[in-house]
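Written out below as structure tokens is the structure these notes cover.
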Amino acid sequence: MAEKITTTDNQYVLFKLDNEYYGIDILHVETIEKVMDITRVPHAPYYVEGVINLRGEVVPVINLRKRFDLPQVELNDESRIIIISIEEIVVGLLVDASSEVLQFDTETIDDVPNFSDRLKNDYVKGIGKDNERIIILLDLKKVLGNTDTNEEL
Amino acid sequence: MDMNQYLEIFIEESKEHLENMNQSLLELENNHSDISLVHEIFRIAHTLKGMSATMGFNKVANLTHEMENVLQLLRSNEIELSEKIVDVLFECLDTLEGYINQIANSGEEGELDSDYLVKKLNQILQGEPESENNSKEEVSSTNESNSNDIHIEVEEFSKNVALKAAAEGFNCYKMQIDLNPNCMLKAARAFIIFNTLEKDCEILKSNPPVEDIEDEKFDTDFELIIISKVDGETIRKRIMNISEVENVLIEEIDVNELNIQAKDIETVEEERTVDTKNKEKDEKKSNKSKKPKLGKTVRVDIDRLDNLMNLVSELIITRSRLEEMDDSGRKHDINEAVEYLGRITTSLHDAVMKVRMVPIERVFNRFPRMVRDLSKELGKEISLVMLGEETEVDRTVIDEIGDPLIHLIRNSIDHGIEDPETRKKHGKPEIGTVKLIAYPDGNSVVIEVEDDGQGINIEKVKAKAIQNGLITEEQAENIDEKEAVNLLFKSGFSTADKISDISGRGVGLDVVKTKIEALGGIVEVKTSKSGSTFTIRLPLTLAIIQALLVNVGMEKYAIPLNSIKEIVTIDAKSIRKIQEQEVVLYRNTTLPILRMNKILQVDSDACDEEDLIVVVVKKGDKTAGFVVDNLIGQQEIVIKSLGKYLLGIKAIAGATILGNGQVALIVDINSLF
């Protein structure tokens, strides 16, 4: 791992959500911001927390807890908004905490087993392992994608 | 060499050239005898050829080269300009545009085929189609035998002069002049040689070109083609007498032979280079898989940029001034600085707007061609009058306004203007007129499409609307002319029936209306027996608007000022409920009342109050009152999109960033009716 660290291959930004660790491909991550003033957007999907002013650009923020149907918690100092950019879509992901970047060798990433009911398998691209930790690698397109099947307004 | 960095400039310039070519072609069509237009088109084709060859776009280079050949013959009056030639040239233009657009999209020329055009051009060149094969063979044979000893190419132009000269008893010579290798001022020496020659000869061509010789861009020798009545030996001696001339070779050329050779060599050589270039390109292609995608660019007057620059520097100065103020700073100073800051930002806004402004000419320019094609297609004679092309509009408007205008102009020509015979019968001039007028009006731009056709047949429109189930017969009797005309803009109107069956104009007018309204503008129609006028009114810019900021619950929203009619206070008790819809009698009309907090899903207790603040907004002829909690004030706001992810959110047109950095949403009034 040490000699490969200079490349961005298989590097993942890790964040925490309800005691689980998740990872998203670093290539899609623009910045990680502290939580700022969020303006609610009426008629937006229920998991869209609202929009923020990201240095002059208006960026929507998805509350990942809501997106994954996890219980809501109060925002705190640890909360972060991870700004991701994928296929010209720029979106913020509201997460509990984010701190590190990890690299996984392709062979250490496992396929998705039939996962717990709580999280739809759809969002998961694979499972990364870091010692004893299990990291859920997200498929961002699916996280952002159409959610008609999942809509619970 | 990586050409991608020049691609944008290439595309921008090519488009400009093609636009000019289009205009010149249109003029040429109406004025066949104007040779200066042929020159202009030739010049453009030549420039394009050079540009595209440099960039490695061989299809463009090839086609323009063939065009050049034909234009050259026109230029030298060798062939007569005919309708057919103009048509072919227009086809070439279309194909070139196709290439350029393809390049803009994908960075490559694409698969568009121009071989048939080349054939057509060649047919023009040779007068007859069947001679094609023969000449091809000739090409290869003459090329082989001649490419070795003729170094100097003769353009069509010189060739024709040579031909004429020969007819008048002149001789044509090819000469090579070698200067002494120690010659100090080669250019000056060459100048003397030229001067000497010009006494009784005419220099048709030199290799390298005269400009290069003047710049001393040649080795010790250069070649010339001259015509003269004087015999070759005399000329040779005369030149040899000039000092520092080492050697002069002179030989007579058979002008008639030259004719064929010159032309053919040129084409064959071109073909060869094209071939090799193609190969090179193919190789390159396999290496680079990444296609460049291009952004949109605007050409900006340097003065405007300078102004922008100055304002920004003033802004920075003011910032330093504010930073230097310590806590003890007097309030007066701060006020002054803030006031100054305000002035600069207003000017800055103005300057940025101007940078984004483009003359509407850009859109208008494509219409003469369209009208030409349409009038040919429909057999109607149309003259298009354009006024106010210099009117400037924001770039965003330019990009969007083209399609609606095409619709309207098509409509005018297709349905509005009668065929020549009918026009004659009604005592109108046979040639129909479509006027396209643009002018600024305060904070908006007005574009009018006016025709002198038969106008809109109200009865037919009504009949069709009934037929399409848009209105009942009863309603049809009651509506006035204006309402009837507005039926044209109903979405069901155009789609239901065949376009051709009635004169009713309805081809996609709903699309026009939707588009214009999406741009924050309005469309109006005036019609009479002697023609109709469609008036489009658009905001100058789409990026910055005046808006009213309001509170709904704890949230702030912006309502675009151009849709606000007035603001009133209404007594809650005067509201009546009719079929679940709240209405109030206001100035003798029923005004529907909509609760902003319900629309925007906000908790608010404004509904319980006795006096309601109501913002009366209009959309076309309709009005409605929106209940808000509080008015904050009028402000200029910069419109930001909510991004691709939240595209098309109901009731929200976008967002803006307030002074404190907060995001406020802009209410989409149009969608609420």
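Glycine is treated like the rest: Cβ placed from N, Cα and C.
Under the heading phosphohistidine, TrEMBL lists B:His46. B:His46 (phosphohistidine) is surrounded by 16 other CB atoms, counting those within 10 A of its CB over all protein chains shown. Under the three-state DSSP scheme, B:His46 (phosphohistidine) falls in the helix class.
The feature region 'Disordered' is assigned by TrEMBL to B:127-148 (among others).
Taken from TrEMBL, the feature compositional bias 'Basic and acidic residues' applies to B:269-286.
Look at TrEMBL and you will find B:269-293 (among others) tagged as region 'Disordered'.
According to TrEMBL, the domain 'CheW-like' annotation covers B:544-673.
Taking DSSP states H, G and I as helix and E and B as strand, the domain 'CheW-like' (B:544-673) has 20 helix, 76 strand, 34 coil. For the domain 'CheW-like' (B:544-673), the mean pLDDT of the prediction comes to 85.
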